[in-house]
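Visitor: Got a structure here, written out as structure tokens. Questions coming.
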Amino acid sequence: FSGVKWDQLGCGEGGCGACTVMLSKFDRLQKKIVHFSVNACLAPICSLHHVAVTTVEGIGSTKTRLHPVQERISKSHGSQCGFCTPGIVMSMYTLLRNNPEPTMEEIENAFQGLPSNPMPSAVQGSTRELEILHTHIHTKSREEFLPLDPTQEPIFPPELMVNEPQKQLCFQGERVKWIQTATLKELLELKAEHPDAKLVVGNTEIGKRAMPRKGSHKVKLIGRMTVASFLGISFGAACPLSEMEKALVAAIAELPSYQTEVFKGVLEQLRWFAGKQVKSVAVSLCVKDSLTPRTRVFAKFSDHYTSTLCIFQGEYFSAFKQASRREDDIAKVTCGMRVLFKPESDQVQELDISFGGMADKTIPALKTTRKQQGRAWNEELLQEVCASLAEELSLEPDAPGGMVEFRRTLTLSFFFKFYLTVLQKLGKDSTDVSEGRAGLVVVPLGSQLFCDDIPPYSNELYLRLVTSTKAHARIKSIDISEAQKVPGFIHFLSADDIPGSNETGLFNDETVFAKHKVTCVGHIIGAVVTDTPEHAQRAAQAVKIEYEELPAIITIEVTDLKIEKGDLKKGFAEADNVVSGELYIGGQEHFYLETHCTIAVPKGEEGEMELFVSTQNTMKTQSFVAKVLGVPDNRIVVRVKRMGGGFGGKETRSTVLSTAVALAAYKTGRPVRCMLDRDEDMLITGGRHPFLARYKVGFMKTGKIVALEVEHYSNAGNTLDLSQSIMERALFHMDNCYKIPNIRGIGRLCKTNLSSNTAFRGFGGPQGMLIAEYWMSEVALTCRLPAEEVRRLNMYKEGDLTHFNQKLEGFTLPRCWDECLESSKYHARRNEIETFNKENCWKKRGLCIIPTKFGISFTAGALVHVYTDGSVLLTHGGTEMGQGLHTKMIQVASKALKIPTSKIYISETSTSTVPNTSPTAASVSADINGQAVYEACKTILQRLEPFKKKNPNGSWKDWVSLTPNLGYSFETNSGNPFHYFSYGVACSEVEIDCLTGDHKNIRTDIVMDVGSSLNPAIDIGQVEGAFVQGLGLFTLEELHYSPEGTLHTRGPSTYKIPAFGNIPIDFRVSLLRDCPNKKAIYASKAVGEPPLFLASSIFFAIKDAICAARAQHADFKMKELFQLDSPATPEKIRNACVDKFTTLEGSIPWDILQFKRAHRL
């Protein structure tokens, strides 16, 4: 495998799909070659005996020829950072190897559970359905793409065509023995000999990352990754879920409908259980999940789930599951329900109901079901069962898992859905209880190189961080004795090893390594350096730290940020109505597919070091590393090839890793590498700031806003980082697009014992604008006016001044608004939705149109080698070969810049800094390169002239440390914080299930002003990507902490980002025409961040649908205005849809109580 980088490691637990590969083997039972996709991070190498592995490099490359799948992705602009593209390519490739003409549903299933990507269909032309799809979303003709030719695929290696009985295999590792058995007898004997050994089939539960973490896997593993035969409808113990699906589908096609009720229920659950990569190897009946069972929908009948169940007329079965994200997510509550009626009647003979997620095991509701025998299937039975379930399935307020109110309500909602389903099948009721399905097929080369793809150096070492397990504590002692016993141990790094300063961070309020005290779980205390990543992980776990715990703190900084304009007291006095309330906006994990990674290579002289870093901020990485090592900035070179996503998370937080790795390289004198595991990354690096807003808005009966006051609180975490700048932008965007004559915005930064939060796409703007749209929706409800009319009434006009007194020029928002209203057919669809909501009791639709105004500040994008500490890195096109060229060049620069030669340093000659150089020959190098250096120095002096005039008595260091800004003052509320604004409008339609809180995104129309687009295809991709990331922020992604400050959501199994199925079914993006931006290059506009907030149209469409549901149940005397915090998860949606089931219990879950105590400030 030399030179092959394989696919990318995104999570290490089979949750992201970035590492997808195709496995092929000869199946002796089926007597044919089978292909299936798996997650490489979960597939033990020992299990691949006689198996062919195909990675993305094996199907095509830019050096040879792209495969049609790769080519479509490339030409259709389907890949952005490209980190997850290999996995997506291989998912599609495996599908096409098995079926060159897949249906649209099969394509959707191939990508189920994968993180969403704004890709157009990358497989058009291979099916009729995709040909139709092509006409709607593609700009290229089919003739431009290579045809799919199955005869040109790589052949299966003949040497693997083994048709002989399987033999026992044994692989011995450093700590683990893997034995692959050939017979059941061998397996039983080995299990008796090693009772503690893990029995592994697909390895989807233990997982690659989980094994070392548990620290107890010195036991032997016994594995068998073969499909047991199945006859009829009996499944072997090692039969993968994918084979189970095929068998059930075949049975449903052949058997009478009444005999396949269970099979249909199981298939529905398998459909949402996981992606193809997991189902290809996972075994359902071996799965054990004590708190939230995934697939045990057979419940108490699992001992006879095969052909002995549901063979009678009058027997019905349904299975239900509710999770945060519908596909590839662990259920909050799951259940199986079965009823058998007496012949030719609607009287219950048997009723079985079992639930998962309501205890530490699957529990049957025996008290409830025994009472129902002999009763008629009617409204009276429904009321009795619901009342009995509410009593029997009680949960304590502090029950593990939280969400007590939501989970108890789901048990009643599930039975009600089952009741209606059975009524419908009995022909007694025609109520539509269909689940429906939301899905959009979008797919994509996969040959990009990232930081960790750089080949290892011959003497490279590996680093692993040692972090705090306490939120706030003093460090009493650090014991590394056990770590030193790990093979390959080299060194333990601590604050005592730092030659420079341990202080770091933008405001010097952080440490490279905590020395006396830790202030959050995940606070970096030290690091171990070993010869392999595995040894580093073991050694880090062996470090023992003794703490003296301190109380966790939440404090409010003394200094507030404030923007005020107009006369607030007068405004509220003149208002016809005043509404006040509060809104909580949860945080968000960046979840870039490539975690933080650094390779540090010491050069061996004068403190030089080269770092390859996945960072957005090479300057701060350079200066922070230099400070830690105690060398000038010019000794440190930071190189970035590309990043597998950043979203702001690698702007400042990448330095927490790069400084530690650089110190290790300095200490050992050898190259050191570290790439964080997903759980480490999520624990250490922070995310988007959670916000709490308390607002008060005054308005007239017409909906005109006259006064607004908002207090913003943000959870900054344990250090300041960029929190102040983020709060400033939130205050600048508290108006969104609306002119408010009297306004006051206050921002307070809250220090907590959590990892420091940081920059995230939008940088505080989405939080400020969501608050604005939230109170705007309440104004419309109070005035009983259409929300779109109230928004349009209050919208800015060309030439207006914002609340921070910046004049709006080139204000294209009204054009975007009118165009979106027209293209989305807003008014016609509003009427259709009202009709739908009248006709459907338990499903409601909502529609909302939302604008955005996002300020753009210029940041310089130039290669400048003058550093803020006054040192100068000089790079030129000549090479030093003993002729003293570098010395002459330093002298030229010193004379031109009028600084000592000691301030100037030449590191290397690199084509990445000076391209197209002339050869160092013919004795002209000093002449041509000296002239180039002189001209460069003159340019720098011209740029520094304004700063020298401002501070004529300053030093060289004073002048170069200054940076230009746009000059806004909070004290006087004057100046321009932004160079220009980007505008956009989105209209979204959703449908919610009032019984479960589920929702699906039906359609979204976006009109975006990006100026004169430099590349429309890329800009549209950015709009789509930002929108989907915003969709996660406002409806899906939720961080959970324990009361002690430990982050529970530390990977894709517990933290759900949008998947392919979350993208709106109908997704339309258009760019506003004829709107050049006079303030930017080629009249274009920034497009990366502004569209993210438009996803709030989904949030407010959900709120609109909830309003319809609450209006239908007006007899419960609910308030017209209700609080819906962000994100709008199924739990919040279901609890907001007040009905007869939610009123049967009223316990408040413990996590909500904790949240109110700890986070409502």
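Glycine is treated like the rest: Cβ placed from N, Cα and C.
As annotated by TrEMBL, active site, proton acceptor applies to E1089. The feature [2Fe-2S] cluster 1 binding site is assigned by TrEMBL to C11, C16, C19, C41. The [2Fe-2S] cluster 2 binding site annotation in TrEMBL covers C81, C84. Residues or ranges marked as FAD binding site in TrEMBL: L199, V200, V201, G202, N203, T204, E205, I206, F273, K321. Annotation source TrEMBL lists Mo-molybdopterin binding site at Q616, F647, R761, A922. Look at TrEMBL and you will find E651, R729, F763, T859 tagged as substrate binding site. Marked as domain 'CO dehydrogenase flavoprotein C-terminal' by TrEMBL: 318-422. Residues annotated as domain 'Aldehyde oxidase/xanthine dehydrogenase a/b hammerhead' in TrEMBL: 445-551.
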Visitor: Taking the Cα atoms as reference points, how far is L199 (FAD binding site) from C41 ([2Fe-2S] cluster 1 binding site) in Å?
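Guide: Between the alpha carbons of L199 (FAD binding site) and C41 ([2Fe-2S] cluster 1 binding site) there are 18 Å.
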Visitor: Looking at the recorded positions listed here (C11, C19, C84, R761, E1089), whose Cα lies nearest to that of E205 (FAD binding site)?
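Guide: Comparing Cα positions, the closest of these recorded positions turns out to be C11.
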Visitor: Averaged over the domain 'Aldehyde oxidase/xanthine dehydrogenase a/b hammerhead' (445-551), what pLDDT does the prediction give?
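Guide: Reported value for the domain 'Aldehyde oxidase/xanthine dehydrogenase a/b hammerhead' (445-551) is a mean pLDDT of 94.
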Visitor: Take the Cβ of F763 (substrate binding site) and count every other Cβ within 10 Å, whichever protein chain it belongs to.
Guide: 24
Visitor: Could you tell me the C-alpha distance between R761 (Mo-molybdopterin binding site) and C81 ([2Fe-2S] cluster 2 binding site) in angstrom, no decimals?
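Guide: Each residue's Cα considered, R761 (Mo-molybdopterin binding site) and C81 ([2Fe-2S] cluster 2 binding site) end up 15 Å apart.
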Visitor: Compile a sequence-ordered list of residues in the same chain as R729 (substrate binding site), six or more apart from it, whose Cβ lies below 8 A from its Cβ; state 'none' when nothing qualifies.
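Guide: Listed in sequence order, they are F763, G764, G765, G768, G855.
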Visitor: Please report the distance from the Cα of C41 ([2Fe-2S] cluster 1 binding site) to the Cα of F273 (FAD binding site), rounded to the nearest angstrom.
Guide: 19
Visitor: CB neighbours of F647 (Mo-molybdopterin binding site) within 10 A?
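Guide: Here the count is 26.
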Visitor: Can you name the binding-site residues among C11, C19, C84, N203 whose CA is within 10 A of the CA of E651 (substrate binding site)?
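Guide: Taking C11, C19, C84, N203 one by one, none has a Cα falling within 10 Å of E651 (substrate binding site).
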Visitor: List the residues in the vicinity of the [2Fe-2S] cluster 1 site, defined as same-chain residues other than C11, C16, C19, C41 with C-beta within 8 angstroms of the site's C-beta centre.
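Guide: Going along the sequence, the neighbours appear as Q8, L9, G10, G12, E13, G14, G15, G17, A18, N39, A40, G87, R678, P1052.
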Visitor: Using all protein chains in view, find how many other C-beta atoms are within 10 Å of the C-beta of C19 ([2Fe-2S] cluster 1 binding site).
Guide: 26
Visitor: Restricting the comparison to the recorded positions C84, N203, F273, E1089, which residue's C-alpha is spatially nearest the C-alpha of F647 (Mo-molybdopterin binding site)?
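Guide: Closest candidate to F647 (Mo-molybdopterin binding site), judged by Cα separation, is E1089.
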